[in-house]
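Participant: Pulled these from TrEMBL:
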- 6-25: transmembrane segment (TRANSMEM)
- 37-57: transmembrane segment (TRANSMEM)
- 63-85: transmembrane segment (TRANSMEM)
- 97-120: transmembrane segment (TRANSMEM)
- 126-146: transmembrane segment (TRANSMEM)
- 167-184: transmembrane segment (TRANSMEM)
- 196-215: transmembrane segment (TRANSMEM)
- 227-246: transmembrane segment (TRANSMEM)
- 258-278: transmembrane segment (TRANSMEM)
- 290-309: transmembrane segment (TRANSMEM)
């Protein structure tokens, strides 16, 4: 019963902040550019600060564990399936396909996963491998591919590598790993300001997403309906099933570790995907609608997993 309550608590927390964002947009508190400004703040400042502080203070042995293999494996399955259908069957633009693939496999491991990990699993450490895989690998790689697609005329290794190392998330991840490997900790005079900035990551992303719900089309509108249907199937059904299969039969996880791997894969699309879509200037409606619909559908699925597997 506590597990189910923890799941509902996590969904309730993010729902309230999203509603505040909607109210802010409705009353035009931040003006016409407030949503875009919040998204830029989240991507360029707050998320890199969060990523650095998480990695710099983490146990790298815990991060690079069998749980990471499960996370990566389930993501590869759904991303490959979405790209195959969206690009080669529907012939959608490549940059939009990247955003759609993120919506299919980028789980809400931070602002939803951490509360659920605490209240259901008893520790937030279960969320760290998922968050770091997404922030260190999935997001930077996706954004770098989009940058590369938009600079097709560029030639040479420098043209390929430059967008990657200009990405704030890549810079933060590399700096965090370097700090974690040092025999001494990062000085508090550096960590405390970064902790303050990191605290902006979740609320700024949620507020920006909530603001996007005001004045937009109804989620699942005709232009993105086929893609949304595919994303919902992949995110809410295929990814948790793939994670369970990899965890149990591939790396032989059991008990709470098996439950945690399956639970995190069943979480809905993260609000970060909306921030990335805003940053890239493509697939914004697709990202927004994916978050809304997968979140609604994931509630009974995650509650059922908590009731059955705990």
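Each residue, glycine too, has its Cβ placed from N, Cα and C.
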Participant: With pairs 6 or more apart in sequence, are the transmembrane segment (196-215) and the transmembrane segment (97-120) linked by at least 3 Cβ pairs under 8 Å?
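Facilitator: With 3 or more qualifying Cβ pairs, these stretches touch.
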Participant: Short question: most Cβ pairs under 8 Å with the transmembrane segment (290-309), which of 37-57, 97-120, 167-184?
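Facilitator: The listed stretch sharing the most Cβ pairs with the transmembrane segment (290-309) is 97-120.
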Participant: Test of understanding: applying the rule of at least three C-beta pairs under 8 Å (pairs 6 or more apart in sequence), is the transmembrane segment (227-246) touching the transmembrane segment (37-57)?
Facilitator: no
Participant: Which of 63-85, 126-146, 167-184, 227-246, 258-278 shares the most C-beta pairs under 8 angstroms with the transmembrane segment (97-120)?
Facilitator: 258-278
Participant: Could you check whether the transmembrane segment (63-85) and the transmembrane segment (227-246) come into contact, where contact means at least 3 Cβ pairs under 8 Å with the two residues of each pair 6 or more apart in sequence?
Facilitator: yes
Participant: Using a Cβ cut-off of under 8 Å, list the residues of the same chain at least 6 residues beyond the transmembrane segment (227-246) that approach it.
Facilitator: 69-71, 73-75, 77-78, 81-82, 85-86, 90, 92, 100, 103-105, 107, 219-220, 258, 261-262, 264-266, 268-269, 286, 289-290, 293-294, 297-298, 301, 305
Participant: With pairs restricted to those 6 or more apart in sequence, evaluate whether the transmembrane segment (126-146) and the transmembrane segment (167-184) have 3+ C-beta pairs under 8 Å.
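Facilitator: By the criterion, they touch.
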